[in-house]
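Worksheet: one structure, shown below.
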Amino acid sequence: MKTKVLAIDDSRTIRNLLAATLEEAGFEYHCAVDGREGVDMYPNVDPDVVITDINMPNLDGFGVIEELRGTGINSKVPILVLTTESAPELKSRARGAGATGWITKPFDDASLIFALKRVTGAAA
Amino acid sequence: MSGSIQDTFFEECEELLEATDEGLTAIEGGDHDPEIVNAIFRAVHSIKGGAGAFGLDDLVAFAHRFETVFDEVRAGRMELDGKLIQLLLRSSDHLSALVEAARDGGQIDEAHHDTLLAALDEYIPEEEEDLTFEPMGLGAPAPVTDLGIMPATPAEPQQETYRIRFRPLKEMYGTGNEPFFLFQALRDMGDLTVKLDETELPGFDAMDMSESYLAWDITLVTKDSRSIVEAVFEFVEGLCELSIEGDGDAEAEANALAALDAMFSAPAAPPAADAAEGEAPAVPFEPPVPAPEPEAKPAAAEEKASAPKAESGMQEQRGGPKPTLRVELERVDRLINAVGELIINHSMLAQQIANLDVSDTRDVETELEGFKNLARDIQEGVMAIRAQPVKPLFQRMARIVREASAATGKTCKLVNEGENTEVDKTVIERLSDPLTHILRNAVDHGVEKPEDREAAGKSKVGEIRLSASHRSGSVCIEIKDDGAGVNRPRVKQIAIEKGLIPENAELTDGEIDNLLFAPGFSTAKEVSNLSGRGVGMDVVKNAVTGLGGRINISSTPGKGSTFTIILPLTLAVMDGMVVSVADQTMVVPITSIVETMRGSDDMINSLGADGTLLSIRGNFVPICDVAGSLGLYRESDRQAGVYLLVETETGQRCALAVDDIHDQRQVVIKSLDGVCGEIAGVAAATILGDGKIAMILDPESIIAASPTAAAFDTERRMSNAS
């Protein structure tokens, strides 16, 4: 079984980069173009891990985390925040909402995979 | 791989820059919807994110400042006043320039870059941290090695034993972190022993299921460095009690302490041996109690509640953007070619059938008609794929006007109209240069200086209106300024000085205006930075003509000038009338034909030595013999007896005399560029059903070359004037 990743990012470039990296590393890749779509897709994709951007239209990354952790879905799945900022307040706010970890953009393939393994235990 | 992703990035940049421009223009126009600011922020942010992935440092740095200013606006800490808006507009232009430079490898204007950075900095609060953005990843060898995935580190690493004490706080479980996976990550690094410490587990009755009681003692023997081991626990920092001790620590720590001691000459520190013993009090690298964590959640929730719909809006509403597919242009071109062949093939079949010696071909012809309709549907569908709104082009033009205004010290506003008008992509691309030139001219020569405008009782800010519309199978692009209009006496004088017209020439206003398009004409007193690039309006005219279009100017002194460009919708297929001229088959574009008629002798009147006029319902129209103007010679004695009444852009009418009309059909335009030079009167060629090549005529230039038409037109205008 491949580890399923749901990536939520409004930037096509970043989605393409993620797709390339993750598929290369043997993950099953799904993506959504904004937070709303991501949350809506979540039940169908049923991912093993979610990677979400922060700044997005319709529903931002914090909103995604809150909705996924919230009562409606009540997901325990690891959520990694993909962000260009490394400000501590941002990390702590994301964590407060229930994020599992964060990846700083620009990400490199190896640390992305490493982070995914750490939160999912994935072999691939 | 990353190459194609980089292409995507630049494509995406175009869209994002468009969104930025659009947003800024809306703000400039007085729209204060917070979502616009949000959208711009996100757009610039995405550019920064992508640029970071490709190591485009200049772009990242600039986008970051730009974005930071927007963040201030977004947070309501800064007012968007006129000055700031202008700065942001210029910054957005510069951002486009940086993207272009990154894509095409061009140079950027360093001085301008620094000026803008400094100007933006003034809006950024002091405490804004420096940008710590390390270009990593794709392409460059990643400095990831210390993250533990790459097996080999350059220096021969030593095996080391780490003793790790790990006790998660209950908060850790709420974040989706799982101790087991952390252990797995550690296991991948070397020999791992995990021992569960369950001593804190209370009795079953006293157990609070939401509490965290378990702790682990872990021993890891690995060649990886301490920082890699720590990296495993990166995400649970502050969510657990953690201590990591290595064999080498004692020594390292002792050294560090000694150094500290030396520095502060403090009393001897607690013996370093303590640490080495392993059972020392845990030294978490973050305070064990998660700081104001419980606060964070309600705060975040509250914020969400207070701004429930802030993130929705504009065209980004759910279901708003239609799903699209990106296709290489080349594939579409191939498809268009194939459709062209299909249409040609249809006419060939039709011809073959007509030539068959069969009595009843009605059924086949019905089917053939169906075939033709299908082919037309396909063709229209394919054309629609290439059709794009002129909006991006128009938005780029806003930038041109801003730059031109800044360079000339004038204030001009560009108003766009009909920017959703769709035109073939290639047409749009090739329109960019002519439009740029006309707009620069409009700012440089058309619009007056602010003080002159004021004196003339106009608003200080010049207005340039750029509009697009569809007009019976063509696209009409209009550039209208509210400047002083063409200075006709001056234009005439320059034309005389340059020897373009004789000194005593009597010219109509329209003719004087059209002198602007004469090769080598320039009204600029001195060569200015802007339009004096050795390129005149003649180049613009050639570019438009090259697209199968026409350009016109009309001007009212004191009120401004209007340039009108009429272009075909597509460069690939058109409706044409198949005619014969001196035993040759030719095609006349339908768009220029007003009506067709068979003439009788009594309709023909002579004018001057060998000019003829056609009388149509009481009006006289000059006759232009197509064969004659193309220099063709009739072998048969058949005389031209069929007339195509055409109208030029200036409203001049002329009857083109041809031998016969055969058919009205769609023809595939094959450009003659590169096959043979420019031929007056011929616009392009096409392939007919029988496989023969037919020329597509350009009525405009045929009329221009006709002496009768010219003579008649002068007369007409003189009689109008009197």
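Note that Cβ sites are derived from N, Cα and C of the backbone, with glycine treated the same way.
All annotation found in TrEMBL is predicted automatically rather than curated by experts.
Within the set B:102-157, B:270-325, the record from TrEMBL flags B:270-325 under the feature region 'Disordered'. Around B:His45 (phosphohistidine), a 10 Å sphere centred on its CB holds 27 further CB atoms from the protein chains shown. In terms of DSSP secondary structure, the domain 'HPt' (B:1-102) contains 86 helix, 0 strand, 16 coil. Confidence in the domain 'CheW-like' (B:573-708), given as mean pLDDT, stands at 81.
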